[in-house]
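**Q** Before I ask anything, let me first share the structure, which is written out below as structure tokens.
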Amino acid sequence: MTQLTVKALSEEIGTPVDRLLEQLADAGMKKSSSDQVSDEEKQKLLTHLKKEHGDTSGDAEPTRLTLQRKTRSTLSVNAGGGKSKDVQIEVRKKRTYVKRSAIEDEAKREAEEAAQREAEEAAKRAAEEAAKREAEEAAKREAEEKAKREAEEAAKREAEKSVDRDAEEKAKRDAEGKAKRDAEEKVKQEAARKEAEELKRRQEEEAKRKAEEESQRKLEEAREMAEKNKERWSAAEENKGDMEDTDYHVTTSQYAREAEDEADRKEEEARRRKKKTKSSAKASENDERGGPRVQRGGKGGRKGKLSKPKSMQHGFDKSAVVAKSDVVIGETIVVSELANKMSVKATEVIKIMMKMGAMATINQVIDQETAQLVAEEMGHKVVLRKENELEEAVLSDRDNMFEAVPRAPVVTIMGHVDHGKTSTLDYIRRTHVASGEAGGITQHIGAYHVETENGMITFLDTPGHAAFTAMRARGAQATDIVVLVVAADDGVMPQTVEAIQHAKAAGVPLIVAVNKIDKEEANPDNVKNELSQYNVMPEEWGGENMFVHISAKQGTNIDQLLETILLQAEVLELTAVKDGMASGVVVESRLDKGRGPVATVLVQSGTLRKGDIVLCGQEYGRVRAMRDEIGNEVNEAGPSIPVEILGLSGVPAAGDEATVVRDERKAREVANYRAGKFREVKLARQQKSKLENMFSNMAAGDVAELNIVLKADVQGSVEAIADSLTKLSTEEVKVNIVGSGVGGITETDAVLAEASNAIILGFNVRADASARRAIEAASIDLRYYSIIYQLIDEVKQAMSGMLAPEFKQEIIGLAEVRDVFKSPKLGAIAGCMVTEGLIKRNAPIRVLRDNVVIYEGELESLRRFKDDVAEVKNGYECGIGVKNYNDVRVGDQIEVFETIEIKRTID
């Protein structure tokens, strides 16, 4: 390790010894000129010097930055004799910027030290005052004790000696007067002392307050200076492009030296350029003074125009740095609005979306998810706005703070089509609802409640056809117990498996009713084995599911099924709030021609009364009338009771929640908000076009479309039929539901069908008189159905008629060339023997040589014994002339075929 003296170090670095000693002292090292300096001390000195000069290249954090600036300009002065000359003027400026944190730390440290010193002085003064008070109190006690002792001794002497009483009394009075004067003097001294202490304390507090204010003022000045410096640094950083004539010197910084060299080089290049003319100098002088500048055109040019003086031109440039901010995004947003929130141009947003694979325009509505991805891609923080505050406020304003009471179970009857679900329910209700359903199959959700000896049960009867998947799912979601009806002769079928999946997804217990046990081919054990494959295990096998063998036709074990249902409900301990505002679910809805929108609502909690204001999805209204499943008028309905309500503004969607609210105006606002949000979200999803789908969309132009206007009696049927028809679409024919709704067929539907070249399908509905006239006038295809099987089959037939036909080539004859003749009219004539089938005139043919097709064309001439014939059968000779072909050789085969059109169907 090499060590030098301070003097040697000063000679080595070229610094005076006194200056070096001062720098060492500032760095915390007191040295003399003859002391040794180690490498660690050198490093410490270097770090201190870097810190003093604001160098950030080392480990020390810079605290100061010194900038030098030179500005050159040209001034035109009068040189006498009417001449002027240009004088170069150079202005040099030097500024030192101190880092904000260092100033704040120093001010804070000074304030802390001052506060500590004041606290120590205050503690010291308090200790001195306490000691002084103790000394004074001790002196006072000693004086009192001494006076007391003297008085006692005097009294004792008076009693003992019995001397002259007058002299003693006089002495006593003198002593008392002296003691009194001493006490008064002490009181005066104590008051003076306290007054002096109070004055001193006030002076100290005033000094302390002034010191704190001075410290705070210095701190604020330092903070303001730091903020100003920060703004200047930011401005200098942003305006780097305007610094060609500016020279910055940052000491001990490599990057600063490089910038300095670059600036000098540019300055030298500028100096070599041609000097400005006198007119340009005057123009620049006018610009500096804010005077007008006139640009005059040449000969024949336009007149000059006054340009704005420099003082009137704005000096603000658009920031090149994109401001990162929080972007609030709602359910949907327009592309231009999203760009405004991010403070960028809409074209930038569209570019980002195109890179992400989404095509959009400036006025297009995009959904929340897409907008969030775009904003995060551009570096912004996204805040998703909750727009349903009014909805939550309306739904939370309810008076359901009542005690829950036991309620009846809601049981859903599910199973495969024609397994006896409705028949089982019929026997329970002692009615014949199945005969009222077209084709004997259930096509709606029937909601009924029945009274048994052990209690009330509410039943939901769901369709078993494959088209009614959504209706079965809704039935499972709104239920407490699922009764799975399985025919003992058929076993497990596709809709049986689907019902099991719905029940498991809803998390409700499953009771299996094995029906049709009265049939000879019934096999209940086989049903158990098949259901065990889907984790439906009977209790006797150690499972959790109860099995009941019933016969809906004869009523066997129906009572046992009801007891099993009530037993399962008792285990579940089903409760609900009976009083208060009602809430439930829309099981089914339809548009009645005489009564308007009708919704079947299953009340789940509270009591629904006539006159209540009900909010159902996008619809609302006051309950004008309520009917039970039989059709009787009722005034109220409690939990687990299904009722039909009238008075809604429109037909609600099946599965919507029905809630009683207080204010009709707020209910209307919530319904309108839901409808608007539904439209916006639907539009945003429809307009979402991906780049990867562009070519498939182009190819879709060749696809035939079957447009359909669908009307049905209830909402569930519309949903089921539309879903089934949409699934019929193939690559060649697409089913397009241009319009659907609940209720009869109106003239509006006919106009829509005419405009879109569609057919009208009515399911359990009819067209009114005006609609029939419009349909006949436009020759629109109108069809009525009451069974969903027939509707789907006929739509398949219509789609089959739109398929492009297939063509098949069938070989009808084969002839062998035995000889070739020349004809002046027809050219080469092949003398042939028909070996297979028959040969027809004007039929397409192929010429085969060594079983290889060498020509395909048309048979032009067919003769037998110089007579033209239409056809020649197998085993006969004939002459064949091939159209536009003369290279027929002996041994060739002529194959005759015909093209057959094959009719295609939709499977």
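Glycine is treated like the rest: Cβ placed from N, Cα and C.
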**Q** Swiss-Prot tags one of 387-390, 515-518, 603-606 as region 'G4' - which one?
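**A** Swiss-Prot lists region 'G4' for residues 515-518.
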**Q** Which one of these stretches, 440-444, 745-749, 840-844, shows up in Swiss-Prot as region 'G2'?
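**A** Region 'G2', as annotated by Swiss-Prot, spans 440-444.
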**Q** In Swiss-Prot, one of 415-422, 519-526 is tagged region 'G1'. Which stretch would that be?
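**A** Result: 415-422 is the stretch Swiss-Prot calls region 'G1'.
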**Q** Check the region 'G2' (440-444) for me and report the mean pLDDT.
**A** 42
**Q** Does DSSP give Gly415 (GTP binding site) helix, strand or coil?
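**A** Note: Gly415 (GTP binding site) is in a strand by DSSP.
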**Q** For the region 'G4' (515-518), what does DSSP give as the number of helix, strand and coil residues?
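**A** Across the region 'G4' (515-518), the residues distribute as 0 helix, 1 strand, 3 coil.
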**Q** Which number gives the other C-beta atoms within 10 angstroms of the C-beta of Lys421 (GTP binding site), all protein chains shown included?
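**A** I get 30 for this one.
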